[in-house]
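K.L.:
Please read through the structure below; I'll follow up with questions.
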Amino acid sequence: MAEAPLIEIRQLTKRFGALTAVDSLDLTVRAGEIYGLLGPNGAGKSTTIRTLMGFVRPTAGHAGLLGGTAHDLALRARVGYVGGDGVLDRGLRAGELLRWYGDLRGGIDPARVAGLCERLGLDPGRRIGQLSSGNRQKVAIVQAFMHDPDVLVLDEPTSGLDPLLQRSVLELVRERRDAGAAVLFSSHLLPEVEDVADRVGILRTGRLVREDTIVNLREIARHRLELRFATDLPPGLLDGVDGVASVEVDGRTAQLVVDGSVAELVRRVAGYGVERIVSHDDDLEDIFFTYYQTAEGERP
Amino acid sequence: MIVLGQMLAERRRSLVWWSLSIAALAAIVGASYPAVRDVGSQIEQLVRQLPRGVLELMGAGGGIASPAGYLNSRFYSGLFPILLLVFGIMVAAWTVAGAEREGTLEPLLANPVSRTRVALERFAGTAVLLAVLTSAGTAVFVVLRGPFELASLGVGRLVAAGVGVFLLAMVFTALTFATGAATGNKGAAIAAGAGTAAATYLVFALAAFVEFFRNLRWLSPWDWFLSPSPLTGGWTAWAVWPPLLVVAAAVAVGTALFARRDLR
């Protein structure tokens, strides 16, 4: 029998005046699962998360965690949160803020905090206001993980971090997942979610337009690739390849749009001296093209 | 009291500077008294010919040459309360609305600490800071009564005036806090505190001349504190209870609304 989910959002609707930010959203995250909430800016990711954390109240429906809501302090004590804007008290030293937050949680083992700081390369003696945005984000990460939470709610937690640190953070997230925590992880970048999430939901104008495992989503993800060859392409080489939606050849360079797997394409060009493959698939609206099309075929 | 403790620790340095400045101003005002008194008898005669309203506006209903009249007109009816309420409004606007705007309130509330607790501890912190500033000003007169030749003014009167001016500033501080907590709008919070302070001062100042304002003067916290001044009249119920009531009501309403609304 499946356990009750640690994060449970049922028919959640949140309106701000005339704007419906989240619309009848259903979403659950079980223990030991990382759920990637994908969507471009303004899709309703932050509103969903802020409702779950109790910062805003649902217009209708329910946003719950650990069997209750974040308004229950005993439950909130078991949650770790990284907010979307990563703003912390600028006048404080990183270590002072971590100690303060730790005290609010009834005291945290200083060795645990020091270990996290070291792992992320954060100097706790510096004032938060003087830190780069990446280092500020590290403070936010440390305070979210220092009490080994059972639920992690992370709103774009790797924004501002370089790729190496991104990987350290994703590693921390996986460790918590393996320890049995439920993780809700929002992002507007597919590659990062692809890396870490077990399941993914795609949010568009407040509605969940698709929810699936990452394996299935890869099937439909659209890539934009640029292939550069050592010599001019033989005519017709790229015609009729499975999954290739469009091709533009210009001398030794080919611009391709591929839906789903690129395996067939790679097989076809093998032996033709591909010098470089450049991927441009960082725009979510591009990748999940079909979900972001409106009825008229325009971008919303 | 972790939120309160943190707030005081963060404001230690600015508190020291504000206290020193207020103490220095008090010392300058106090040290000038002997000189003023010496020419005072002539001024006093001049002053007595002024209409009663003007005298009250100057806070000089009890004359300006007596220790009480001098301190009241030079310090307690203008400079001191204005400095206190500027400080109080500044800090109170930050406690909820300012912190919300800078983005530090949400991460704090992700910890297991209720909104009510954050709001109340920070309001209490504002009150503590304001009390320290009031004490800094009052202590100068208490300690230096002798050298300043203000010895005829009892310590009890100075303490009563200190409590009165503290509560006067607290009224506008509480209105700022409550508006910020209820709305999350820092500008509105400052406007509410400073606006009420200015409007009620106007009512108090014009009450002596204009019938319309005379009928409203019981609404003005300045009137509660200054007529009569605790320096001349000692403890009055008006200087204590109405401000306490307003503060308690504003804090209760503001905190209750803050606990229910959406953060911005």
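Placement of Cβ uses the backbone N, Cα and C atoms for every residue, glycine included.
Straight out of TrEMBL:
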TRANSMEM  B:15-36  transmembrane segment
TRANSMEM  B:75-97  transmembrane segment
TRANSMEM  B:123-144  transmembrane segment
TRANSMEM  B:156-178  transmembrane segment
TRANSMEM  B:190-213  transmembrane segment
TRANSMEM  B:233-259  transmembrane segment
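Buried or exposed, and what's around them? Tell me for each listed feature.
P.N.:
With a cut-off of 8 Å between Cβ atoms, the residues of this chain six or more beyond the transmembrane segment (B:15-36) that come close are 8, 43, 64-65, 67, 70-71, 74-75, 79-80, 83, 87, 129, 132-133, 136-141, 144, 147-150.
With a cut-off of 8 Å between Cβ atoms, the residues of this chain six or more beyond the transmembrane segment (B:75-97) that come close are 7, 11, 18, 22, 25-26, 29, 58-59, 105, 118-119, 122-123, 125-126, 129-130, 133-134, 137, 161, 165-166, 168-170, 172-174, 176-177, 179-181, 183-186, 188-190, 193-194, 197, 222, 225-226, 229, 231, 258.
Listed as Cβ neighbours of the transmembrane segment (B:233-259) (distance under 8 Å, sequence separation of 6 or more from its ends, same chain) are residues 96, 114-116, 119-120, 123, 156-157, 160, 163-164, 167-168, 170-171, 174-175, 177-182, 221, 223-225.
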K.L.:
Same chain only, please: residues at least 6 beyond the ends of the transmembrane segment (B:123-144) with a C-beta under 8 Å from a C-beta of the stretch. Say none if there are none.
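P.N.:
Distant Cβ neighbours of the transmembrane segment (B:123-144) are 3-4, 7-8, 11, 15, 18-20, 22-23, 25-27, 30-31, 71, 75, 80, 83-84, 87-88, 91-92, 95, 150, 153, 155, 158-159, 161-162, 165-166, 169-170, 173-174, 177, 251, 255.
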